[in-house]
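The structure under discussion appears below in the form of structure tokens.
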Amino acid sequence: SDLWVQKMKTYFNRIDFDKDGAITRKDFESMATRFAKESEMKPEHAKVLMDSLTGVWDKFLANVAGGKGIDQATFISSMKEKVKDPNAKAVVEGPLPLFFRAVDTNEDNMISRDEYGIFFNMLGLNPDMAPASFDAIDTNNDGLLSQEEFVTAGSDFFINDQDSPNKVFWGPLV
């Protein structure tokens, strides 16, 4: 769907950390490093996050890249095929609990509105955009995101090609 393509363009934009128009393993490494540093993540958690994010590259994208970066059009066509894989949901969900841990800076097993603003800041987005996304994925409207809500929203972003509140998980669509 056009919406799914727009979501993939949004994600591509968020993970192209060096903004060179291509995603590489280095972008995933940079994302993990920034999240670990800005959330003051414990070293053992930082290693798991790094392994998980580079694992997304290794499992999903390295064969597409062929030793170089992946441009947006190639990324989108590859993801169209990848999400059809029966293991896609598990691979997509893999790093999400680690992102959750990175964003849950006070380690209370919930993400507050303020902590979600930190998530947006880590992605290079204006934290002022976070409340609208937060409210959209706070499915039980308790003002907090559980790990289940966070992982479900993040996974749905990639897997679901229909309109849903989770389309704003990675921020406003580009």
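Placement of Cβ uses the backbone N, Cα and C atoms for every residue, glycine included.
Site annotation (Swiss-Prot, ligand Ca(2+) 3) includes Asp138, Asn140, Asp142; from Glu148, Glu149, the additional listed residue is Glu149. Distances between the Cα of Glu115 (Ca(2+) 2 binding site) and those of the binding-site residues Asp16, Asp18, Asp20, Asp27, Glu149 are shortest for Glu149.
Per-class residue totals from DSSP over the domain 'EF-hand 3' (91-126), listed helix then strand then coil: 21 helix, 1 strand, 14 coil. Here the domain 'EF-hand 2' (55-90) has, by DSSP, the following mix of helix, strand and coil residues: 25 helix, 2 strand, 9 coil. Around Asp18 (Ca(2+) 1 binding site), the same-chain residues at least 6 positions away in sequence with a Cβ under 8 Å from its Cβ are Lys26, Asp27, Ser30.
Mean predicted confidence for the domain 'EF-hand 1' (3-38): the pLDDT average there is 92.
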